[in-house]
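Novice: Structure provided below as structure tokens; questions to follow.
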Amino acid sequence: METFLFTSESVNEGHPDKLCDQVSDAVLDACLAQDPESKVACETCTKTNMVMVFGEITTKAEVDYEKIVRDTCRSIGFTSDDVGLDADKCKVLVNIEQQSPDIAQGVHGHLTKRPEEIGAGDQGHMFGYATDETPELMPLSHVLATKLGARLTEVRKNGACAWLRPDGKTQVTVEYYNDNGAMVPVRVHTVLISTQHDETVSNDEIAADLKEHVIKPVIPEKYLDEKTIFHLNPSGRFVIGGPHGDAGLTGRKIIIDTYGGWGAHGGGAFSGKDPTKVDRSGAYIVRQAAKSIVANGLARRAIVQVSYAIGVPEPLSVFVDTYGTGKIPDKEILKIVKETFDFRPGMMSINLDLKRGGNGRFQKTAAYGHFGRDDPDFTWEVVKPLKWEKIPA
């Protein structure tokens, strides 16, 4: 049996880039909670002792940007300079303007258009992917890397590993074989965890705790064997972290946000963007389409692409590839997808209920992945029934 190795990585909510994603989405949540028609393009950057939010926002909402920044940093665990940032003392810079009136009239017709007439907020192409290798219909390498990161945060916050600090990265290499286009995981080849820690803990303690409290609960035993390689804080020391260690910026972790290097990516980031931005809503609907193809048994693995022109409601193209795993030809599946899903931006917002704020909905997406999560707020993970006829054997 010929196998190959594939690797996916993840970063924790305390990673500077992810801190920025969460601030941008917390701002979006605050705007949508008061005004579902808010137009938001919010970027965040951070470095030692400073967080800046900037961009274009048009909203009726009354938003205290500085409070949102501080609350978000605090909830992640940035409560002193020692851990990389002090939410209460850091500088917060705000430079937010209204959306360009040129874009507003071209895309939204200044709110005069019916939903089905609303044009895409920008050009671009987005991909959705699904695979039958996990219950989430997501790639195993990505699922494990993401869950290890989420577990690191859990044991930091519940006190099981009190020496942990907010910043951290994970990476998992999985050995696969290709079953006529479908991906079948055989074993976990390598687990890498680099986590920020306090001064008091030894490398041996770190390794023992990570194995016991993080790796064991996350990686199913059947994937681990005596040959599995563990790199646990391989650089030795990681005390300085968060924005003190590295600068951070919204939209710099787009592969972690999606499929861990599987499938494809159109390049557009998600966080800080309202649903009229097809970078986000387009990527969400094609995930729903790809997931529905696999969940309905039409294929074991699928990728769906959609593309847009600014100001134009109808997509320019929709593409489906099932990597040779389709039960019926891809062109038939494409026809079913186009009949089932409405790819017009105004309709995607309605069908996926994307304008609903509150519940920290989009901030939840901004750490540990936008896809494969079991949460009712992740409406794009709901499988739609697809009508198709099985070809008799």
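Just so you know, glycine gets a Cβ as well, placed from its N, Cα and C.
These came from Swiss-Prot, pasted as-is:
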| type | residues | note |
| --- | --- | --- |
| BINDING | GLU9 | Mg(2+) binding site |
| BINDING | HIS15, ASP167, GLY168, LYS169, SER235, GLY236, ARG237, PHE238, ASP246, ARG252, LYS253, ALA269, LYS273, LYS277 | ATP binding site |
| BINDING | GLU43 | K(+) binding site |
| BINDING | GLU56, GLN99, ASP246, LYS277 | L-methionine binding site |
Novice: According to DSSP, collapsed to three classes, what secondary structure does LYS273 (ATP binding site) have?
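Specialist: DSSP assigns LYS273 (ATP binding site) to strand.
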Novice: Can you tell me how spread out the L-methionine site is, meaning the largest CA to CA distance among GLU56, GLN99, ASP246, LYS277, in Å?
Specialist: 30
Novice: Return only the integer: C-alpha distance in Å from SER235 (ATP binding site) to GLU56 (L-methionine binding site).
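Specialist: Cα to Cα, SER235 (ATP binding site) and GLU56 (L-methionine binding site) are separated by 40 Å.
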Novice: Could you state the whole-number distance in Å separating the C-alpha atoms of ARG237 (ATP binding site) and LYS277 (L-methionine binding site)?
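Specialist: Cα-Cα distance, ARG237 (ATP binding site) to LYS277 (L-methionine binding site): 41 Å.
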Novice: Would you identify the secondary structure of LYS253 (ATP binding site) according to DSSP, in three states?
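Specialist: Coil, per DSSP.
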Novice: Measuring Cα to Cα, tell me the gap between GLU56 (L-methionine binding site) and GLY168 (ATP binding site) in whole angstrom.
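Specialist: Distance (Cα to Cα, whole Å): 31 Å.
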